[in-house]
Amino acid sequence: MKLLHFTILLQVSLFPASSLAQAGGNNTEVQVQQTLPGTGIAAVNSVNLLRIYSQDTSGGIREARFEGYWSGGLANDTIAKARANSSIAAASDDLELYKSSSSTNFLLKIRVYYLLPNNTLGEAASDSQSRWYTGSLNQYNFQVASHSRLAAVFVPSTQRPRLRIYAQLGDNTIQEFGYDVSPLSQLEPMFANYLKVGRGWQRLANFGPALPGTGIAALTYTTGLRRSTTRVYFQTTDRRVVERVYDNRSWSDGGTVVRTAKPRTPLAATSFLLTPGNPQSVRVYYGTEDNRILEKGTEGGTYWYDGAFEHSAIPDSQVAAVDWGNGGVFNIRLYIQDGAFKNGISEWAWFRRSWRRGILAIPPA
């Protein structure tokens, strides 16, 4: 189920005049102070939809939205309640066209993951643009480390989608959790909840020990008919950022991506295809001791080089990344806390072959 992407004409709308110069003011600053410093940040997109998830000071997971303009991010945009200082991960399936007898609606399937107060995994789910419900993951009481970060992906499939979550256990190993969705479970939630469909959530691969509190990033992409590749990134006890690769058959060691990163570095990753038939390009974002966010890149995974992105962030800032584009045009979006309105989440964009600031701070700013 290949992710749909923006075209260059739609990309331009990400830079309206109001996004490039954002006025402050007491109301804006008060609203932004409700965003937790060092909040987990997660981002998903499809076609012209973008969603950003962060945590407020009361533990709520809030959703900010971009659909040609920014909205959301307020208290009434809370989709779940998490443990304080919870990591946040999100995954989205393709944009789908749903037709009812009375209307036609565009739906984006989204899953958002977080830690509950007892350090078990929680899930908020949406199969439309407005309706959220508690996902089935909450029933499994999967215990993870109190310092665990999270990553999540919808694995592309021509038959049915598969969900994967990556977390750190109490013994500091990195664990994969998975859910293979049956066709029946793709019905509207009101029907799916009454049907026992799919194989349920399961523990899958374990990648061994990692640095306690490491960031975790994951991405996935199609590599051919009914085949996909998943890549997972985390930090080892010697502070290297390493890669694990699943080639639709088994996991392998992808080697070292970053030789030395900030302990418990934030991590984000995204991928894109510059030219059909060429290897997939991958970008990984990580933190340094002096609180900069840097970029590593590879084309096909043969070697890693230093990317162009470099920007300072607040000491505990996390990072999220998405890509909109293909066929020679790619437009990466990064989300970090870089001090805008103190706690605001800022957007940085690779657009027309250079990095530039997108919106100074996403809603509630």
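Each Cβ is built from the backbone N, Cα and C atoms, and glycine gets one as well.
Beta-L-fucose 6 binds Trp70, Arg333 as Swiss-Prot records it, and from the list Glu310, Glu347 the residue named for this site is Glu347. According to DSSP, Asn76 (N-linked glycosylation site) is assigned to a helical segment. Geometry remark: Asn85 (N-linked glycosylation site) versus Arg111 (beta-L-fucose 2 binding site), CA distance 19 Å. Among the residues Arg51, Glu63, Trp132 said to bind beta-L-fucose 1, no two Cα atoms are farther apart than 14 Å. Packing around Arg111 (beta-L-fucose 2 binding site) is summarised by its Cβ count: 24 other Cβ atoms lie within 10 angstroms of its Cβ, all protein chains included.
The beta-L-fucose 1 site, placed at the center of the C-beta atoms of Arg51, Glu63, Trp132, has further neighbours from the same chain whose C-beta lies within 8 angstroms: Tyr53, Arg65, Gly72, Asp77, Ile79, Ile110, Val112, Ala124, Ser126. Long-range Cβ proximity for Glu123 (beta-L-fucose 2 binding site), meaning a same-chain Cβ under 8 A and a gap of 6 or more residues, is found for Arg111, Val112, Tyr113, Thr134, Gly135, Ser136, Leu137, Asn138.
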